[in-house]
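Accompanying notes for the structure given below.
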Amino acid sequence: YAPDAEAYSLFSPLFDPIIEDYHKGFKQTDKHPAKDFGDVNQFVNVDPEGKFVISTRVRCGRSLEGYPFNPCLTEAHYKEMEEKVSSTLSGLEGELKGTYYPLTGMTKEVQQKLIDDHFLFKEGDRFLQAANACRYWPTGRGIYHNDKKTFLVWCNEEDHLRIISMQMGGDLGQVYRRLVTAVNDIEKRVPFSHHDRLGFLTFCPTNLGTTIRASVHIKLPKLAANREKLEEVAARYSLQVRGTRGEHTEAEGGIYDISNKRRMGLTEYQAVKEMQDGILELIKIEKEMA
């Protein structure tokens with residue numbers, strides 16, 4: 001983990017080899033391309049019949065310029081950032097319009113509602129605890145979501161901001177367009193930490209560059225029985241295959257969480273396009289195996 005944005009430059013001899021190892025092939029001489037969401041209309045509903053994809057989600061991480069990362073944030077920082085973030089989000093319009101819920105002083109009813117919607121995040125895991133990233137909990141932490149519950153922002157969980165667009169079904173185009181609109185809107189109001197070589201900066205070096213993770217929960221019963229074939233297609237499109245409940249879990253009922261693996265050294269458009277192409281291919285193979 002990096003204590004602040006400057007650490008990536010200051011301690012580059014330490015971070016660069018880790019970055020190169022994790023983001024396979026992103027060498028120390030490579031430069032992450034400029035932000036490019038591409039032609040958002042190239043993204044489609046990957047499963048118009050609604051037979052395979054249960055839900056679709058695209059998220060990214062952002063850090064507010066001028067503030068260190070969690071371990072170095074003071075209580076005053078946390079409060080100030082939450083104020084900035086909540087007032088920025090309250091300016092969102094259209095389908096992004098919603099409500100900010102601070103974790104501090106949250107009522108049991110609101111808490112339960114957010115748990116039921118699977119929106120609430122808990123205090124950090126042992127890795128974040130060890131990195132001293134959970135100080136002054138729950139000060140400065142909060143959750144924003146729109147009325148339709150298809151757009152969500154986590155404030156000061158692991159990153160300053162986690163921006164999430166999601167919905168049931170396979171309409172990746174709709175999910176991606178919503179995320180792009182939101183990120184561009186928020187960026188107009190609060191500047192983000194960005195590095196010429198590494199792209200967008202966040203607390204964890206595994207999540208740099210585009211910081212984008214596009215994923216689906218997808219039912220692939222035939223491919224689930226032929227794990228080798230599933231892994232082969234996933235490798236071809238740089239997809240990460242996880243169990244239903246995320247990393248290190250089993251696929252319940254042949255349902256997988258499948259996402260793009262590459263976040264660095266390619267544009268936002270390319271990262272999500274690669275995932276779309278891979279999902280379309282998996283669905284095609286699943287149908288052929290019937």
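Keep in mind that glycine also has a Cβ here, set from the backbone N, Cα and C atoms.
The shown structure was predicted, so the numbers you read here are calculated from the model rather than taken from an experiment.
Features as listed in TrEMBL:
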- 55-59, HIS118, ARG162, 213-217, 242-247: ATP binding site (BINDING)
- 1-24: domain 'Phosphagen kinase N-terminal' (DOMAIN)
- 52-289: domain 'Phosphagen kinase C-terminal' (DOMAIN)
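Sequence features, as recorded in TrEMBL, placed on the structure.
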residue	record	DSSP class
SER55	ATP binding site	strand
ARG162	ATP binding site	strand
SER215	ATP binding site	strand
ARG242	ATP binding site	strand
### Query
For SER55 (ATP binding site), which residues of its chain lie six or more apart in sequence with Cβ-Cβ distance below 8 Å?
MET166, GLN167, MET168, GLY169, VAL216, HIS217
### Message
Applying a 10 Å Cβ distance cut-off over all chains shown, what neighbour count does VAL58 (ATP binding site) have?
### Response
27
### Protein Cβ atoms within 10 Å of ARG162 (ATP binding site), excluding its own
22
#### Entry: Summary of DSSP states over the domain 'Phosphagen kinase N-terminal' (1-24), given as helix, strand and coil counts
15 helix, 0 strand, 9 coil
#### Entry: Cβ neighbour count (within 10 Å, all chains shown) around SER215 (ATP binding site)
22
### Message
Please compute the mean pLDDT of the model over the domain 'Phosphagen kinase N-terminal' (1-24).
### Response
96
